[in-house]
Amino acid sequence: MMTFLILAGLIVLLLTGMPIFAGLGLTSLIIMLLTEGNVNSAADTVFAKLNNGLLTAIPMFAFMAHVMIRAGVVKDLYDAANAMVGHLRGGLGVATILSCTIFAAISGSSVATALTIGSTAIPQMKRFSYRPSYSYGVIAAGGTLGILIPPSGPLILYAIVTEASIGALFLAGLLPGIMMAAIFAVWAMISAGFGSAVVSQPFAGMRVIWARIRQSIWALLMPPVVLGGIYLGIFTATEAASIGCLYALLISVLVYRNFGLRDLWVTAFETVRTTAMLFMILAAAALFGHAVTIIRLPIEIVEQVTAIGLSPALFVVAVMLLILVLGMFLETISIILITTPIVFPVMLALGIDPIWYGILLMINLELALITPPVGMNLFVIKGIAKAPLSEVIRGALPYAALMLLGLILVFAFPALSTWLPEAAGFGG
């Protein structure tokens, strides 16, 4: 009952339009006042959470993404993907998924991926007579890959809240991310022939393909540089973020030659604004975690789970169903920071792998991005295309079903998410 009341109260506050940091902070302070009679421990709790070197990865990955977006790498990536697969059935849809996959490994943001790739892909697919709902569905689904494929911002937040290894989570998200991209691409090929006829493209030829790859090679090399260094143990995830920043600046200034001092100022400003917002939310999440610990909520949940004989697998299923419902009303950061402080201690007590659970959580949150009524990617695409929301939703629904399939596969075969981190030496 206590869990329900806390979650319900928080959801009501957030649905009124209150910012997430204010909702979490206010709820936490009320709990502390009612149980301890004061909020003297609030400052120490926040300082202990934010006094963490891992947090430097957030502004650096954000800066890296902003630099690459302003450098204009998207057109090169899309042209290369289109040259390689554009001649296939549903080729532009497959090219869009491929572009989203690569750009997700640069931006770490689902909304940024949908917005940036969508602005390029929608006019192209319209030109070749693809159904509007088909185009919107492909971009909505491809954009969600930014939450799963490293360097994912939500994965970093989850790592900080749970104190899990960012490097392990990045590697854990790689195979499921590629799997989801492949599933989306197959459906894009199958569904391309539904309805109106699509104008096919001729095979570009190997000379054009190699030319497009050479043109985009510096952007294509960024994910292997960042993730390869983590996998090989050359540097940590935080060091990878700083190397990614330096790499992005170098290719923007020396290769694309379109990144000046004004661009640097705008990029730095956007990075600081994003980081400040996230740090305020993290501070409130630290208070919330402290508050639920004071009232022994995680311990009570463990006792109840043990009393009814619920297995770890069934507990994960129950949590996933809860998050699926929350995803219809809340955005991803809210869900991570509301549920994780409550669920994580229970997971540890039940022996559930936090890396595996983290990837299941990210796939479930992908669903939240394209699930009405508040799916962020749906509104991004509606804004780009000036299309009716109902048409965007209709295009995205088949991909929501495919995400459920992906969630089931990772649940049934945990090695999909745990094998790569274990192979890289992060432990089992």
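Cβ from N, Cα, C; glycine included.
Any TrEMBL annotation is an automated prediction that lacks curation.
Per TrEMBL, these features apply:
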DOMAIN    8-416  domain 'TRAP C4-dicarboxylate transport system permease DctM subunit'
TRANSMEM  51-69  transmembrane segment
TRANSMEM  90-113  transmembrane segment
TRANSMEM  133-149  transmembrane segment
TRANSMEM  181-204  transmembrane segment
TRANSMEM  216-234  transmembrane segment
TRANSMEM  240-256  transmembrane segment
TRANSMEM  277-299  transmembrane segment
TRANSMEM  305-326  transmembrane segment
TRANSMEM  333-352  transmembrane segment
TRANSMEM  358-380  transmembrane segment
TRANSMEM  392-413  transmembrane segment
Sequence-remote partners of the transmembrane segment (240-256) [C-beta within less than 8 Å, at least six residues beyond its ends]:
56-57, 60-61, 63-64, 67-68, 70-73, 151, 167, 218-219, 222, 225-227, 229-230, 263
Touch test for the transmembrane segment (277-299) and the transmembrane segment (133-149), at least 3 Cβ pairs under 8 Å:
no
Between 90-113, 133-149, 333-352, who has the most Cβ pairs under 8 Å to the transmembrane segment (51-69)?
90-113
In this predicted model, what is the average pLDDT of the domain 'TRAP C4-dicarboxylate transport system permease DctM subunit' (8-416)?
85
Six or more residues beyond either end and a Cβ under 8 Å away: which residues meet both conditions relative to the transmembrane segment (216-234)?
68, 73, 76-77, 79-80, 102, 105-106, 150-151, 167, 170-171, 174, 240-241, 243-244, 247-248, 251, 255, 420, 424-425
